[in-house]
Protein chains: 2
Amino acid sequence: MRIMSPKDFGLKREVEYGTPEQNKAALDIVDGVKKEGDAALLRFTEQFDGSRLTASQLRVTQEDIDAAYGLVDEAFLIAIREAAANIRKFHEKQLRNSWMDLQPDGTLLGQIMRPLKRVGVYVPGGKAAYPSSVLMNVIPAQVAGVPEIVMVTPPATGGKEGIDPFILVAAAEAGVKEIYRVGGAQAVAALAYGTETIIPVDKICGPGNIYVALAKRAVFGVVDIDSIAGPSEIAVLADAGADAAYIAADLLSQAEHDEMASSILVTPSRELADAVAAEVERQLADLPRQAIARSSIDNYGAVLLVETLAEGIDVVNQLAPEHLEILTEDPMKLLAYIENAGAIFLGPYSSEPVGDYFAGPNHILPTNGTARFSSPVNVDDFLKKSSLIYYSKEALMANGDKIMTLARHEGLEGHARAIEIRLEKERDIH
Amino acid sequence: MRIMSPKDFGLKREVEYGTPEQNKAALDIVDGVKKEGDAALLRFTEQFDGSRLTASQLRVTQEDIDAAYGLVDEAFLIAIREAAANIRKFHEKQLRNSWMDLQPDGTLLGQIMRPLKRVGVYVPGGKAAYPSSVLMNVIPAQVAGVPEIVMVTPPATGGKEGIDPFILVAAAEAGVKEIYRVGGAQAVAALAYGTETIIPVDKICGPGNIYVALAKRAVFGVVDIDSIAGPSEIAVLADAGADAAYIAADLLSQAEHDEMASSILVTPSRELADAVAAEVERQLADLPRQAIARSSIDNYGAVLLVETLAEGIDVVNQLAPEHLEILTEDPMKLLAYIENAGAIFLGPYSSEPVGDYFAGPNHILPTNGTARFSSPVNVDDFLKKSSLIYYSKEALMANGDKIMTLARHEGLEGHARAIEIRLEKERDIH
């Protein structure tokens, strides 16, 4: 693992927008489903997933779900149920009430919070079929109060016909009642525009391949979308007293995700730097996903040596990592200085997988430096706000002239007259 | 004004993405500024705004602002100061604290709220130079705690050299200290990538022409952006007792914005429908922006006749209007049934301009049916959240096995080992 100074390490990666050919392919699929509905959906499903389905076979049945339960083991069920309960509890604390501000002149102003009505969750097939991500997308929407949550996932998983049973069980445990075996850009188009079989949604979330991402971007505005996920990252800020084996294991847990993942240790301790680099080698030796992790560590991993923890914090804030672990003598002492990070893990027992699977906070986090301006998936993502204005006669009589002044300064006489007509009528009455 | 049934009226408008030529032009400008910095910025400013500036002339000086104060009248100053105070007070009520959940096993989980560090506000020149929009974009960012707010606006306003003094005064009153005379796609690029003169920001907001919108879309991901504003809309839901003159005035205040604006009355009363249609004609006769309003009313306006108020609510929820006025006998009675609307104005004195200028809620609202899933500009738009996980040793020992079970079911052995290495060490110690 490279050991270097922060200034020799390029902190920024470019945003991925796909090639023009990929964009055209995604747009053609979206357009086909928009125009032809189920017919196009079934045609693309045969073409890209190799599954020949009829429209009536698109929806997963209760029998399918019952069968999936027969294929998962008790230990998984126990763990996923407890994880779901923790995730639910954490997200329930994010809920907010609608509120009103009652003013002395009789005016009421407020903000009304409402759940979205219908949300679509995309769940990838293939090697990235993660039951935990089903929980992390579905539960915040449920907690927000979204009455209709629909899941789409390709009809084949990792080359095998059929949806991964662990995905189906996670969906059922999270309470999803409407699941379709359809994936790719065609699934995104169906959720955005609707087909004979699939009712359109208000928001599409969940990760997918580049075609899914480009399709989501194309339908944004027709529906809402979540952010486009980039490769995963971890930064560990540690001092000389930290356990090198823990840090190496945490860096590798990130690196095994994919070749583009980035694992970075930031430390003022040369000793720790050397020890972690050695531990990474040792632990890599028998890691099942060794090739992926090795490539990630070699290309996007680094130990960044800093002079002081304060400089380390600066580097972390520039990285704006998706995951940040702080393994220092007193990690709480540094918390107030962390400006940019998706999730912050403090102390030796807060290994990243604790948050990936179990503790309760969401594992869908801003990647690629976007923690500068965006947030983990949360309940607000599934709420919309409306402003409320109940203006009293007294308020209008007192403020009407000022409102007209501002409208006329903007050249909007019609706005001024909407006020004036009321003022005149009220003054006529009195 | 057309009177028709809701089913004869097309409720949906397409989302505007610009032509391929406009897209290419915007991307070329963005690319030029990204690569060449100030040189490109000044070149495009001369090309598109006709202003030949040096880099040192880009920034508006204190003298410029003092001069602007000399050009605005006292009535405007009084009105804009009171509007700013109302907007600030309303948005302060939206602020949220960071929070922690303290668990019996010593674990701390939480959500940390932080302001974005630097935000850019785009203010259009030309006929759409609205001081009120400066307040509506800047104040929520300030209330969120954003320490650096920078404004950009074209060096010429409505064909005249120089920035509109009302815009400069509104910015100064809102507390903006950093203003550049630059507009168009080149200004967006400068805010996203930075130049020798302009430090890059974390988020760009504010409306602009199609090139500004396309440039914002292009830099999304590098920075955050607000939503792309569409044409403005109002729906009025009214019963037989409502004042036809008030409704007509409010419909016209929307219609005068631009030819694409949409003004719709929804009512079960044929009498009111006829009276409003007649009033619209009467009031149109001497409206200064008559041509614009007439075109808007003819092409996008309508009175939709419904059987009952309940059906009217259904129609309104399908429209998902940017502005909704309810002028019925007891408007509060209907509030709980309104699912989709950017801002809801209740009763005869809550004319839309009250909210556009003065009451306090934001006037930047979701357009084009996006109130189904998005919200008025608010303080949350300028905050980011980080999750906090401080897991205790006790919690890890109790739950480590379940975390490993879930990780191994996803084929992520490295994740499991990051937990296992800790469990083994702790068990060795005891």
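Backbone N, Cα and C atoms are what each Cβ position is placed from, and that goes for glycine too.
Predicted automatically and left uncurated, TrEMBL annotations should be read as such.
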Since TrEMBL lists B:Ser232, B:Gln254, B:His257, B:Asp356, B:Glu410, B:His415 for substrate, which candidate among B:His91, B:His323 does it give for that site as well? B:His323
The rounded CA-CA distance in Å from B:Glu322 (active site, proton acceptor) to B:Ser232 (substrate binding site) is 7
Which ones in the same chain are close to B:Gln186 (NAD(+) binding site), with CB under 8 Å and 6+ residues apart in sequence? B:Ile29, B:Gly32, B:Val33, B:Ala40, B:Leu41, B:Phe44, B:Thr45, B:Phe48
For the binding-site residues B:Tyr122, B:Asp356, B:Glu410, which ones lie near chain A, with a CB less than 8 A from one of its CB atoms? B:Asp356, B:Glu410
Just going by other Cβ atoms within 10 Å, which of the recorded positions B:His257, B:His323, B:His415 has the emptiest spot? B:His257
State the Cα to Cα distance, in Å, between B:Gln254 (substrate binding site) and B:Asn209 (NAD(+) binding site), rounded to an integer. 19
Return only the integer: C-alpha distance in Å from B:Ser232 (substrate binding site) to B:Asn209 (NAD(+) binding site). 14
So of all those recorded positions, B:Tyr122, B:Asn209, B:His323, which one's Cα sits nearest to B:His415 (substrate binding site)? B:Tyr122
Given the NAD(+) site residues B:Tyr122, B:Gln186, B:Asn209, which other residues of that chain have a Cβ within 8 Å of the mean position of their Cβ atoms, reported in sequence order? B:Pro124, B:Val152, B:Pro154, B:Gly183, B:Gly184, B:Ala185, B:Ala187, B:Val188, B:Gly208, B:Tyr211, B:Val212, B:Ala215
Please give the greatest C-alpha separation between any two of the substrate-binding residues B:Ser232, B:Gln254, B:His257, B:His323, B:Asp356, B:Glu410, B:His415, in angstrom, as a whole number. 57
